[in-house]
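Following: one structure in structure tokens, then a few remarks.
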There are 2 protein chains.
Amino acid sequence: MALTRQKIVDTALEILRSYGLADLSMRRLARDLGVQPGALYWHVKNKQELLVVLAERILEPVKVGDAGGDPDGAVRRSAQDLRAALLAVRDGSDVVSLAQALAPESLTPLSGLAALLTESGLSELHAHWGAKSLTHYILGAVAEEQTRAELARSGLLEPGPDSDTDGEEFLFGVNTLLAGLEVHRTR
Amino acid sequence: MALTRQKIVDTALEILRSYGLADLSMRRLARDLGVQPGALYWHVKNKQELLVVLAERILEPVKVGDAGGDPDGAVRRSAQDLRAALLAVRDGSDVVSLAQALAPESLTPLSGLAALLTESGLSELHAHWGAKSLTHYILGAVAEEQTRAELARSGLLEPGPDSDTDGEEFLFGVNTLLAGLEVHRTR
DNA sequence: ACCTGAACACCGTTCAAGT
DNA sequence: ACCTGAACACCGTTCAAGT
């Protein structure tokens, strides 16, 4: 059956979900699709482009909803949605971090967060910086969670207290940043 | 001349400084040392261990000095020292992020920051969480700076306004986190 | 237009065998 | 104790040639 960009991305996402980023090679992907490695390059420029598309797919469920009178609340919810979306795919935060490094524009959530922060009374500049700070924090925090998960999976780490203090810690960081931004509010 | 762990690490750091993480392979390292790849594995367990040692070397110049009556100021200085140390080595933030993922304990600055924050009147838990938030922010922010530098180097990005707004933006993030932590202070 | 076959230039790691 | 030689099992990417 005809190879399509869609099928390539879908299969790549499957490999990611089931085996993680380390197993997502172009050759492995081709094998799973029953095709020669070179065939992929007709539909996809290179592996980097593929990773950017995967990152977009991972973030798709997240809509940085509009404020509705409570911009801080909207930021909190968006941050938690982002965390959930990243955690839903193995190595999700690594893929998104890579993609953001490769194609800084293409990932939407950043501009959404900036808009919310502007709405909360920050200048354009501070809103932009604040959104970037939040993004760095979110990606770093979730990356650490997922790294622990990978280590636990490979038996190199005792499973640890599986309770959701991670969620609490994550929210602490988000709230800390929001509280710190408070200071710069005009309104 | 006898191959030693020291020489391996030194040469690795040289490759990193001059050509970046992408060019730091065990085979390339062996070639530069005039030795067979397998020889490295007598002195070093594997590439991961080497990266952890490199991260320690990169962070060596940073001493998270004690407070001296002004813990917030000490945190600010430490953060800026960290940034400088990371920027001093090509792909420094990537190496340190990797190392922190591989050997979460081994990197010292985190516990230093936590100590400073405890001294500033935060509970152990909040100090710990605050230090982690700071670390995630710092690594993310500097990683972005360095990625831009790499892209510019390869000509995929116009050099941009080379002025040091990066430093300003970085400090904004650090100050925001510190201001946000203010709320939880006991003293 | 789309894919195969085959190559190019690499990887990290292991391990018998040499000195 | 320390290193070589050689292998194993991989990579990403390109490109003439086929259909």
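A Cβ is built for glycine as well, from the same backbone N, Cα and C atoms used for every other residue.
Sequence annotations record features per position, and here TrEMBL assigns domain 'HTH tetR-type' to B:2-62.
Below 8 angstroms of C-beta separation, residues 3-5, 7-8, 11-12, 14-15, 50, 53 of the same chain, each at least six residues beyond the ends of the DNA-binding region (B:25-44), sit close to that stretch. According to TrEMBL, the DNA-binding region annotation covers B:25-44.
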Between 0 and 100, where does the mean pLDDT of the DNA-binding region (B:25-44) sit?
98
Summarise the DNA-binding region (B:25-44) as counts of helix, strand and coil residues per DSSP.
15 helix, 0 strand, 5 coil
